[in-house]
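Asker: Feature table excerpt (TrEMBL):
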type     : residues : note
DOMAIN   : 11-411   : domain 'PTS EIIC type-3'
TRANSMEM : 35-56    : transmembrane segment
TRANSMEM : 76-96    : transmembrane segment
TRANSMEM : 103-123  : transmembrane segment
TRANSMEM : 143-161  : transmembrane segment
TRANSMEM : 182-201  : transmembrane segment
TRANSMEM : 221-245  : transmembrane segment
TRANSMEM : 252-273  : transmembrane segment
TRANSMEM : 279-306  : transmembrane segment
TRANSMEM : 318-337  : transmembrane segment
TRANSMEM : 343-369  : transmembrane segment
TRANSMEM : 381-407  : transmembrane segment
Amino acid sequence: MNFFNKLQTVLEKVVGPFATMVANSKYIKALTEGFMYTMPITLGVAVIAVLSNLPIDPWVDFLNSTGLYTVGQEVISLTLSLLAIYVVGAIGYCFTRNEGEQGIIGAVMSTAAFIILMPIQTFTNEAGSSVSALATNYMGSDGIFLALILGLLIPRLYCFLMSKNLKLKLPDSVPPMVSMSLAPTFVAMIIFTLVLALKWACTFTPNGNVFNVVSTFIGQPISYFGASPISLIIVFSLMNLIWFFGIHPNAILMPYMPVLMMASMANTEAFLAGETMPYLIFGILGACVQIGGAGNTLGLCIATLFAKSEKYKAMRKLVIPANIFNINEPIIFGFPIMLNPLYVIPMVFSPAASGLVAWALIGILPISFNPTISMPWVTPGFITVFFQGGVFMLLLWLISLAIHFVMYLPFFLIDDNNALKQEQELKAK
């Protein structure tokens, strides 16, 4: 058995079961669906973020003179900077619904528990009045990991207690809507009592509240190791490796999603506050390590422009338009790339090559990165990066694409030459 077959066997034995477990996990499923349910917020506000930050002097003057810029920034701040509070409700809804209970109850209780655990801060304003407020940072990047935990834990506890028949039973004469709304009363009492106890217990810790406890012992270690440029490169390289062997990259991507979301939210909060973004390189690099979908297949699609065989001349008419819009199934399964030893090197190592070069260039190019701008996943990459970072980020993206193209080209030419020989042999018969 050669090295290629041995590696495939090891991955199928080690990663395969893990991928199956991730795919079948009700917790991962709830996280995935919950993240998806928040996309209308991020995408809906994207147009406001784009229009509010167009670098056109007459337009900027108009926004400032009319007050639209200030209002636009408030809209962005109250959505993208408070994403944790939307995430906890969305995950809570999905988990509860998937367990056969009322999803809206899970969403409301998860959100309520999240808000209850926030410390109330009191300060004196300029008028000398005492004001109580909730710190918005806990609703953003500082609260995202607790949001994920509560979005799963509270619904899990709710469904467990409901299965133990701890329901408030009302006479049949009571309207079904009222009966269904009041049924979880006893369960809610138990859950909120436990939340109260948790909040009280955390006041005796040096951290002062549960948000700081989670941030110190979970958030900071994960952020330190996970939200670094080298970690991003490694993760996307591993995704391409397992995808090459037919294991869906979501097995790695979904557990990594909280890190991506936390970094994006932290950058957004800093950007809106006019501060230095803590994960600037990490945020920009994400656009360079994956172009055209898993495997960086847009570079291979461009290589088909040099095809001499009829097979790949015909195929490029399909794969290039699709891959421009980040749809790469035709090239993954059509060439195929998957399980094709010829393409394993560029597919697996392209994130490292483009990532390391882009990492070095980020310190040279004057990129003005705007993390508030997000686009639907089918938006061509060059459009997204242009709006996020202007001409220089587009240049960085094009350099990364060129690296992917150069890596794929020699292997494609071998593949194309083999296809051409087969065609010539068939014609000669």
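Glycine too: its Cβ is placed from the backbone N, Cα and C atoms.
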Asker: With contact taken as 3 or more Cβ pairs under 8 angstroms (pairs 6 or more apart in sequence), are the transmembrane segment (343-369) and the transmembrane segment (221-245) in contact?
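Answerer: Stretch pair touches.
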Asker: How about the transmembrane segment (103-123) and the transmembrane segment (279-306): do they have 3 or more C-beta pairs under 8 A, pairs 6 or more apart in sequence?
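Answerer: By the criterion, they do not touch.
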Asker: Are there 3 or more C-beta pairs under 8 Å linking the transmembrane segment (35-56) with the transmembrane segment (221-245), counting only pairs at least 6 apart in sequence?
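Answerer: Counting Cβ pairs under 8 Å (6 or more apart in sequence), the transmembrane segment (221-245) does not reach the transmembrane segment (35-56), since there are fewer than 3.
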Asker: Please report, as numbers and ranges, the same-chain residues at least 6 past the borders of the transmembrane segment (182-201) whose CB is under 8 Å from any CB of it.
Answerer: 102, 105, 109, 112-113, 116-117, 154, 157-158, 161-162, 166-170, 209-210
